[in-house]
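Following: one structure in structure tokens, then a few remarks.
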Amino acid sequence: MSQPQPDSVIDSELEENKPGLASSRASVQKSEVSATIHDTSRPPTARVENADRQQAPAAPGDFPEGGWAGWLTVAGAFLIQMTGFGYTGSYGVYQDFYTRVYLSNESSSAISWIGSINAYLVIASGLLAGRLYDRGYFYYLLYGGSLLLAFSLFMLSLAKPDQYYQVFLSQGVGVGLGAGMMYIPSVAVVSQYFHKRRALAMTIVASGSSLGAIVHPIMLNNTLNDPKIGFAIATRANAGMISGLLLIACVVMRTRTTQVRTPPPLWSSAKRFVKDGAYVFTAIGMTVFALGFYFPLFYIQLDALTHGLDKTFSFYSLVILNACSFLGRLSPGFFANKLGVENITVVSTFVCAVLILGMIGLSSVASVVVIGIIYGFFAGTYIAMLAPLLAHLTDDMSELGARMGLAFALCGFGTLVGTPIDGALLTGDYIWWRPALFSGLMAFLGTASFATSIVLLRRRRLRRRATEDAAANEKA
């Protein structure tokens, strides 16, 4: 960021008033950093945090493009996505179970608020989490988010039937905040290790949520609906699995550098970001597209059941969708650099919009399978491209956390209201064409915003190239 650090201001004053002292002071700082690292009288966390804060970010050419620390961090971020956003993507199981059994006195719209609040907080918390990450608080976010997520899931197991507020507070608010504290930092930290292979690394991380959205529904459908197990034990078993995976993630993830510059106020950053047209339309596209994106994820299982399809098959409809989403998240990382991250984003959102409208005709096993496979693949591709797209639009990587946080916070509003609107349009009579039409139209508007972003991005590149060519001609 452009604001100077207090230390750099002091250095400049020393250099101006007392020549030679600035260089001496720099030597003292290096000695202090070394002493901090080797000082065994302080707790390890304090030593690492203090040392990290005095290190400058790596130069663009210094990225290791992997290594043990890099790939272990990718693995840890993969597990965080699996336990956080992957759990959120499995809410369709709860939507069905709560509507039919556990919260049967509540409407579909009211029940969907639990999942939408959860998804909103996972995404919108990035506004604060991204700035804290930029300030060097990665480990606090990682450990604190893990503890809150695990605690909230165990509290969910204590929720009683038809006690809506208990489920809402634990699953909607607690789990959402816990996962949200880790979501943006776990993606952004990967950029410290990769530059050329950043899209590949980030798509691997993003695929974790799809794997989670496969594992969680299978586990939950086979335990929640078993009368011998019941809601409490099923939820505790799921919470135990998630807690174990989070513990592994906390052990293996490490930062390479921590930003030392204090970010400017959020409003100051936002005013600067608004001048970037490509970024603005990308954020708008994410927000509008989110209004329709979650409709299949939340409702395809209930949709299949209400159309009289086999109960066992209906339980696995969400698994089919998320299994293909897993493939969709992994695939683009291998050719994103050739085809262009922004081009893949537009194509995937367009196909998703078409498939959402196609849910109007969902009535048979074949239609569920076709929609689940194709929508799952391209929905996974879209999610995998979001982080690389925002990184692609960011010239100064020290702003990546703030840019991602702001964009995802705006996107969270679409996530928040989209599925409750779907539930209200669905009504207790299950009129499926209404929410499908609404969600499909919103998805098409999101696609149009992403396409506009591409146009603006290409114009910016042309202007930059023209400026560089003019400067080269002047030197010649």
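Note that Cβ sites are derived from N, Cα and C of the backbone, with glycine treated the same way.
Here TrEMBL flags 24-38 as compositional bias 'Polar residues'.
Here TrEMBL flags 72-463 as domain 'Major facilitator superfamily (MFS) profile'.
Taken from TrEMBL, the feature region 'Disordered' applies to 1-62.
For the transmembrane segment (68-90), the list of distant contacts is 115, 118-119, 122, 142, 149, 175-176, 178-180, 182-183, 186-187, 189-190, 193-194, 201, 204-213, 215-217, 220, 242, 245-246, 248-254, 256, 297, 318, 322, 325: same-chain residues at least six beyond its ends, Cβ to Cβ under 8 Å. What TrEMBL records for 68-90 (among others) is transmembrane segment.
What TrEMBL records for 110-130 (among others) is transmembrane segment. Long-range contacts of the transmembrane segment (110-130) within its own chain (CB-CB distance under 8 A, at least 6 residues past either end) are made by residues 84-85, 88, 91, 94-95, 98-99, 103, 141, 164, 167-168, 171-173, 175-177, 179-185, 188, 266, 294, 298, 401-406, 408-409, 411-413, 415-420, 422-423.
Per TrEMBL, the feature transmembrane segment maps to 137-158 (among others).
The feature transmembrane segment is assigned by TrEMBL to 164-187 (among others). Within its own chain, the transmembrane segment (164-187) is flanked in space by residues 76-77, 80-81, 83-85, 87-88, 94, 98, 102-103, 106, 110, 113-115, 117-126, 129-130, 132-133, 138, 141-142, 144-153, 155-156, 158, 202, 205-206, 249, 253, 387, 401, 404-405, 408, which lie at least six positions past its ends and keep a Cβ under 8 Å from the stretch.
Here the transmembrane segment (199-219) has Cβ contacts under 8 Å with residues 70, 74, 77-90, 92-93, 186-187, 190-191, 193, 234, 237-238, 241, 297, 315-316, 318-319, 322-323, 325-326, 328-334, 336-337, 341, 380, 383-388, 391 of the same chain, all six or more residues outside its ends. Sequence annotations record features per position, and here TrEMBL assigns transmembrane segment to 199-219 (among others).
Annotation comment: TrEMBL describes 239-257 (among others) as transmembrane segment.
For the transmembrane segment (278-301), the list of distant contacts is 89, 91-93, 95-96, 112, 115-116, 119, 213, 314-315, 317-318, 321, 349, 352-353, 355-356, 359, 362, 368, 371-372, 375, 379, 382, 386, 389-390, 393, 403, 406-408, 410-415, 417-419, 421-422, 426, 435-436, 438-443, 445-450, 452-454, 456-457, 460: same-chain residues at least six beyond its ends, Cβ to Cβ under 8 Å. Annotation source TrEMBL lists transmembrane segment at 278-301 (among others).
Among the features that TrEMBL reports, transmembrane segment is placed at 313-331 (among others).
Long-range neighbours of the transmembrane segment (343-362) within the same chain, counting only residues 6 or more positions beyond its ends whose Cβ lies under 8 Å from a Cβ of the stretch, are 285, 289, 292-293, 295-296, 300, 303-304, 307, 328, 332, 336, 368, 371, 374-375, 378-379, 381-382, 385-386, 389, 432-433, 436-437, 439-440, 443-444, 446-447, 450-451, 454. The annotation transmembrane segment is assigned in TrEMBL to 343-362 (among others).
What TrEMBL lists as transmembrane segment is 368-393 (among others). If one looks beyond the transmembrane segment (368-393) by at least 6 residues along the same chain, the residues whose Cβ comes under 8 Å of a Cβ in the stretch are 187-188, 191, 198-199, 202-203, 205-207, 209-210, 276, 278-279, 282, 286, 289, 293, 296-297, 300, 303-304, 309, 313, 317-318, 320-333, 336, 341-342, 344-345, 347-349, 351-352, 355-356, 358-359, 362, 400, 403-404, 407, 457.
Among the features that TrEMBL reports, transmembrane segment is placed at 405-426 (among others).
The feature transmembrane segment is assigned by TrEMBL to 432-457 (among others).
Same-chain neighbours of the transmembrane segment (432-457): 277-279, 281-282, 284-293, 295, 299, 303, 306, 342-343, 345-346, 349-350, 352-354, 356-357, 359-360, 362, 393, 414, 418, 421-423, 425-426, counting only residues six or more beyond its ends whose CB sits under 8 Å from a CB of the stretch. Away from its own ends, the transmembrane segment (405-426) comes close to residues 107-113, 115-117, 119-124, 126-131, 183-184, 266, 269-270, 273, 279, 282-284, 286-295, 298-299, 390, 432, 434-435, 438-439, 442 of its chain (Cβ-Cβ under 8 Å, at least six residues beyond either end).
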